[in-house]
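Undergrad: Here's a structure for you.
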Amino acid sequence: MRSKHLVTLFIITFLSFSTVKVWGKDVFAGFVTKKLKTLLDCNFALYYNFKGNGPDAGSFLDFVDEPEQFYWFVEHFLSVKFRVPKHLKDKNIHNFTPCLNRSWVSEFLKEYEEPFVNPVMKFLDKEQRLFFTYNFGDVEPQGKYTYFPVKEFHKYCILPPLIKTNIKDGESGEFLKYQLNKEEYKVFLSSVGSQMTAIKNLYSTVEDEQRKQLLKVIIENESTNDISVQCPTYNIKLHYTKECANSNNILKCIDEFLRKTCEKKTESKHPSADLCEHLQFLFESLKNPYLDNFKKFMTNSDFTLIKPQSVWNVPIFDIYKPKNYLDSVQNLDTECFKKLNSKNLIFLSFHDDIPNNPYYNVELQEIVKLSTYTYSIFDKLYNFFFVFKKSGAPISPVSVKELSHNITDFSFKEDNSEIQCQNVRKSLDLEVDVETMKGIAAEKLCKIIEKFILTKDDASKPEKSDIHRGFRILCILISTHVEAYNIVRQLLNMESMISLTRYTSLYIHKFFKSVTLLKGNFLYKNNKAIRYSRACSKASLHVPSVLYRRNIYIPETFLSLYLGLSNLVSSNPSSPFFEYAIIEFLVTYYNKGSEKFVLYFISIISVLYINEYYYEQLSCFYPKEFELIKSRMIHPNIVDRILKGIDNLMKSTRYDKMRTMYLDFESSDIFSREKVFTALYNFDSFIKTNEQLKKKNLEEISEIPVQLETSNDGIGYRKQDVLYETDKPQTMDEASYEETVDEDAHHVNEKQHSAHFLDAIAEKDILEEKTKDQDLEIELYKYMGPLKEQSKSTSAASTSDELSGSEGPSTESTSTGNQGEDKTTDNTYKEMEELEEAEGTSNLKKGLEFYKSSLKLDQLDKEKPKKKKSKRKKKRDSSSDRILLEESKTFTSENEL
């Protein structure tokens, strides 16, 4: 017995010692050294030798001061399965055999649940520096740079220009070109007149006979050939995060960098320090007022030099992938990490201030979890479900004894009292067709994503998710709202039967699922926005699961706003067991450790709120319609009792773990009636605003760079330059900016390039809709269950003349079954033209405002309606009436369940 105790004591001591060893100052050293050091060295060797010309010292990545470079290395090397590129297989660089088909991040996360990223950064930085020292000796490592290309000070070249021609050299066959040196450029600048006059003046001063002969050939062929003077590009190189962390504006950051660099008397080692010499030379050649302005710039931080030459677009920067460095056409410097987008031009000027635009604000890499970069679906699921598995033992099914003990009132819920309409705000507009509502719902969600991704406050982000609390609630709530709107219009005979096969939630799912659908607006290639859009895509799928009994083509579920929920949990809202039925349904998903638990819970609560919302709106403001479908909705007082019962159950000891798990991922706003209804009212206001905006064209900022209007052609100093520097009221960039801020500004006649969320589908796509619908049904099988043949054939027959929403952010046109094909086509294109005139593109796309994230449902800004939408009512066709009547006879009504 003593020996067993001694063995136990020895094991505990050994384990404690091992833990101290691993979790010391270098928290990952113990584990990584033993198991992953080899794989890490393989990745470093592959990265530094990627070009195949031996290790490159310019490839060093600063993991600590430039977190974006750390995540880049994780994304492109550590998180993918290790493979040797073809161009390196025959080179004896490193022994890669032990590392093949292994992912460093995947293996690392299997040992560490979800470590803090900062210690990982520091550890990998230390390992990289050891690798760098081993290969390059005493060379000082420098992290990669962010490039800011600049060519001109107004229209003066910063560097000596290049004279390009289309005159062919008789010997080489290449076009003649002439690169000016500094002395020649000084003569060029002193010339007065046209560019050819300056070239002729230069010819008279050149002493080198060979260069002089080249200029002579150019001058002699000026009348028959194309001759131009082009400015070379100078790349301002910055360690972006490190040098811009204290500045809230990209352009001001570059200004501050130039001040610090140029005011140093000794020669700076920074690669962009020579820009000061180029500017000093240029300003001395041009003389006043430029030289005086440069001195003011050096001493006064309010004096700015770097200005935008074009209205900036997203993405702000082009970040390169490893394969881009192998492209001989791009010819990238190894030390270049990212470069200012080619559409986002900058130039130098002492005139005016930097325009007020959020795109000029500094973008810094946020700290994200390593699990974001896991390679395979298996890795992602492993890390996600691991969180759920730690929640404890599963909840056992409720017993009859417990039910009889906890339920004191076994009577059925009944309430026929009238609604107090003085406390109800009118919000619902029944005249908007469902097809329009679908597109507007997607657009509203895009605007919500804008607000969330632009927030700088991470306080509302749950610890175990990258999505802000409340976002999934808004996504599901809006989907449920418009889904129920479809049912209400069906019951009131205001909508075409064909809309039953085009559910809003599925439209939203398809809209946000594919990132390629979002090209042309702010969401495309925005990592944060992509995460939110995919989360909304997944969440919206659970709405039809609750509203339509998980099988989306069962006609009986369209007969009320709660029948699908009743069938889902096998109980009726009036039953005293209804709350327990909902909780027990959710317990099954909680015990599985499934994300579906959270999404089903939000969807079920949303459906209950939606019943209350439509009951109040129809009862108070649409009394005739209300009498027709009164029995198809749950009375608000009953809804309140159900919601209160669910909330109390979730707070009980038995189900408290479920509530805790939910709050780890989502907001408690779902339990607040006031906040939920505020979100619904805000969406209704947005619908009215959007309908009004659809009637006019909104001017869109062109992506074409703005050309500066100045009489200065880059030749010499003249009086007009002084006027340009001192008297010009505003730059073209500011003029464009102010014009876009004024929403009532006059419209321009040129073709606009607005990126609409409601784009019409091309005619060629119409023929493919049937196939796409079938593909979608197969894809959604695991969520919705099998399809009924009768309803499937009905929906297939009724969709032959309809525009589908299966691809892209489009709205669908509906046409009655008794219209001819020509008339249907005319109506289709008429609606397409109306949609093309719609406004409502993202304000972030225009770069006019800086949105703060709305972290709670009641904090979302309300959209102000501007005009009333013209009333239009669609009648259901007679054939659809017969179909619905026949199908309704084959199913029991909701009152019999």
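Even glycines carry a Cβ here, placed using N, Cα and C.
Since we're looking at a predicted model, the values are computed, not measured.
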Undergrad: Name the residue from C244, C262 that Swiss-Prot records as disulfide-bonded to C253.
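TA: Answer per the record: C244.
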Undergrad: What is the disulfide partner of C231 among C99, C157, C336, as given in Swiss-Prot?
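TA: Between C231 and the options C99, C157, C336, Swiss-Prot records the bond with C157.
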Undergrad: C336, C421, C446: which one closes the disulfide with C620 in Swiss-Prot?
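TA: According to Swiss-Prot, the disulfide partner of C620 among C336, C421, C446 is C421.
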Undergrad: From the list C336, C536, which cysteine is recorded by Swiss-Prot as disulfide-linked to C475?
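TA: Of the listed candidates, Swiss-Prot names C536 as the partner.
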